[in-house]
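Colleague: Dumping the structure here so I can ask a few things about it.
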Amino acid sequence: MLDLLRHSYKQDPRSPVCRDASFSNVYGKPIVPRVKSDDCFFDGLRKEGNTTNVFGSKVTSAFVIDFPGLNTLGISMSRVDLAPGAINPPHSHPRASQIGVIIKGKVLVGFVTTANVFYSKVLKAGDMFVIPRGLVHFELNVGKGKALFLPAFNSQMPGIVILPTTLFASTPPIPNDVLTKGFQIDAKSTLETLQTIFVNGFPCKPLSEVKSDDFFFDGLRTEGNTTNVFGSKVTSAFVTDFPGLNTLGILMSRVDLAPGGINPPHSHPRASQTGVIIKGKVLVGFVTTANVFYSKVLKAGDMFVIPRGLMHFELNVGKGKALFLPAFNSQLPGLVVLPTTLFASTPPIPNDVLTKGFLIDAKVISDIRSKLGS
């Protein structure tokens, strides 16, 4: 009987560790995966990481690609070592929220919300922190010695978008026009050498108060005013503007671009995006968590898709005005505009984080901040 039970269990696809690339169902016959004990144990976080790099930090991952036993479990961890004065540079995780504990040292942990509010605190050994999914955050060693912390994620593969390399070292590179207009800097700048926290839900109206107008919205009729530093205007039709969207997990907006205007590099931490070009000629691009840059010039009637949490932009490359309509699979996708998130948050991100994270001097930071109104 025991042998029968063991044989049945080996062929049971409900066993979490079995649901990997080695387990498939061919013509209805399950293939027994070659699972071993070592798949469920991992010693890769024992050793201190090599921090001899420009940031002075080393992330040692324990994701599903490193640790097969995590497969289908929706959880993972990593180890982050920081040399004295080093930084785990501004980054985000598009597929996971993060919690962590400081093991050694003194670490300044900070993140910026979708309302551009900066939260930070200096933590010591034993202290914990949490970072909501998709938000830009960093960890800076402000102690005299080495630092170590262990972050955990609610995904087996959270992904990582490291902003300095995503913006300035993707393959192929992001066009200079996107960066000069998005960050309000010139091409010769040193930089090239390299709202409230929203909960995605709102109370439902009492049935007696619901009216027809809650399900219809005319706010996207009017062309947006693009007289600003970016030459763009996003007119939202979020649940805050359009009550009928509540609980439906979907929304749209309107984006107007002046000639040469840009919807600057940004991300949506809670939604994937699709869109259609209505008028003009628009360069749409995004950078993956593997730092690969994808882009294409689109015309009226063309569509695009942006996976959740990835940095993307839209640049008007035509001679006239441009217009496109994006749609999201969330009623409140959130918005992280990287230029303002990094250089115009309230309160401001410390200069040390930006100079070390982007390998630039304080004069460049001051220049960008002055142009972004901070």
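A Cβ is built for glycine as well, from the same backbone N, Cα and C atoms used for every other residue.
Computed from a predicted structure; not experimentally measured.
So TrEMBL lists the following for this protein:
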BINDING   N263, H268  oxalate binding site
BINDING   H266, H268, H312  Mn(2+) binding site
DOMAIN    43-192  domain 'Cupin type-1'
DOMAIN    218-366  domain 'Cupin type-1'
Colleague: Among the binding-site residues listed here, H266, H268, whose Cβ has the fewest other Cβ atoms inside 10 Å?
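Modeller: It is H266 that, of the binding-site residues H266, H268, has the fewest other Cβ atoms within 10 Å.
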Colleague: From the Cα of H312 (Mn(2+) binding site) across to the Cα of H268 (oxalate binding site), what is the distance in angstrom?
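Modeller: On Cα coordinates alone, these residues lie 9 Å apart.
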Colleague: If I restrict to non-local contacts, at least six residues apart, and a C-beta distance under 8 angstroms, what lies near H312 (Mn(2+) binding site) in its own chain?
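Modeller: Non-local contacts for H312 (Mn(2+) binding site): P265, H266, S267, Q273, V284, G285, F286, V287, I306.
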Colleague: Going along the chain, which residues six or more apart from N263 (oxalate binding site) have their CB under 8 A from its CB?
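Modeller: N263 (oxalate binding site) has long-range Cβ partners F230, S232, V234, V255, L257, F313, E314, L315.
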Colleague: Could you name the residues, excluding H266, H268, H312, of the same chain that surround the Mn(2+) site, i.e. Cβ within 8 Å of the Cβ centre of those residues, in sequence order?
Modeller: P265, S267, Q273, F286, I306, L310, M311, F313, L335, V336
